[in-house]
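According to Swiss-Prot, the feature active site, thioimidate intermediate maps to C176. Taken from Swiss-Prot, the feature NADP(+) binding site covers 205-228, and the record attributes it to sequence analysis.
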Amino acid sequence: MFNETPVFDYEDIQLIPNKCIINSRSEADTTVTLGKYSFKLPVVPANMQTIIDEDVAEMLAKDGYFYIMHRFDEAGRIPFIKRMHEQGLIASISVGVKEYEYEFVTSLKADAPEFITIDIAHGHAESVIKMIQHIKKELPETFVIAGNVGTPEAVRELENAGADATKVGIGPGKVCITKVKTGFGTGGWQLAALRWCAKAARKPIIADGGIRTHGDIAKSIRFGASMVMIGSLFAGHIESPGKTIEVDGEKFKEYYGSASEYQKGAYKNVEGKKILLPAKGHLEDTLVEMEQDLQSSISYAGGRDITSLKHVDYVIVKNSIWNGDSI
């Protein structure tokens, strides 16, 4: 029963260190395998318009990182696959579940992408199950990620339909207001929801949303994630597609949710908002810092690679770990 499940979120958890067995943190291996491919880090920038565009996707793929291209330039998806494949890079795109997407998936047979993410807000749906089955029938070699979901039942159903990975997280993101608009979601207990879902999963889980610090990546892996999708920490960089705005001499970048009126172009079924983030430096610098911090996490876990993070002990400290600190 759910009521017996402990409820906590990222800021409520501290991982407990083990004896370090490596000489330097730089020896720690942060690579992860998803399907037939290995990637430098178990993180993926959110497939949102203010986070990723074709140039960012190409940069990430060339540097050995996983990426998922957003689905909001529908006509550009086939040329994008071609562009990536011509350079010997993996193609990873998103689709929705509307009727015309079925024809689109069938049209990919000639040049199938390596990864397709079925990307809708409430992924525990018959429409998603049907789309998984259609993709698997038409493109059997393509790795299918389906989401978003927040329960073990949803994970099992999507896996049984043929999904190769599920994306867990309903509204915990910084620019997501699902919990406010609908009363539903995993906001405030995303890490516990991840743990709950991971116990039921037989295939990889991508934790999506609620990541506010690099330490949250290690916590996600501890509670069952194979990969961690991150929005706000990847927003606001020089390469980020979001519009740059100057306020009182300080530069900011737009960051908005995929279900916001700014993305939709209309105020209808809005479950996202727009915020301004102080402009950051280069995306590559953030990725390097994430890698170094994760290597430190592995050293504290007493291991050599990210699998060691799955077995560490933890304590629930209920909102006290900040102790007045900020980063």
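Every residue gets a Cβ built from N, Cα and C, even glycine.
Feature annotations (Swiss-Prot) mapped to structure.
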residue	record	Cβ within 10 Å
C176	active site, thioimidate intermediate	26
I205	NADP(+) binding site	27
D208	NADP(+) binding site	32
I211	NADP(+) binding site	28
H214	NADP(+) binding site	20
I217	NADP(+) binding site	27
S220	NADP(+) binding site	31
F223	NADP(+) binding site	25
S226	NADP(+) binding site	20
Subject >> Between C176 (active site, thioimidate intermediate) and S226 (NADP(+) binding site): CA-CA distance (Å) >> reply: 23
Subject >> Spatial separation of the residue listed as 'active site, thioimidate intermediate' from I205 (NADP(+) binding site) - C-alpha basis, Å >> reply: 20
Original post:
Per DSSP, the residue listed as 'active site, thioimidate intermediate' is which: helix, strand or coil?
Top reply: strand
Original post:
Roughly how many Å separate the Cα of H214 (NADP(+) binding site) from that of C176 (active site, thioimidate intermediate), to the nearest whole number?
Top reply: 20
Original post:
How many Å separate the Cα atoms of I217 (NADP(+) binding site) and C176 (active site, thioimidate intermediate)?
Top reply: 19
Original post:
Three states by DSSP: which one describes D208 (NADP(+) binding site)?
Top reply: strand
Original post:
Whole-number Å distance between the CA of F223 (NADP(+) binding site) and the CA of the residue listed as 'active site, thioimidate intermediate'?
Top reply: 22
Original post:
What does DSSP say about S220 (NADP(+) binding site): helix, strand or coil?
Top reply: helix
Original post:
D208 (NADP(+) binding site) to the residue listed as 'active site, thioimidate intermediate': how many Å between their Cα atoms?
Top reply: 12
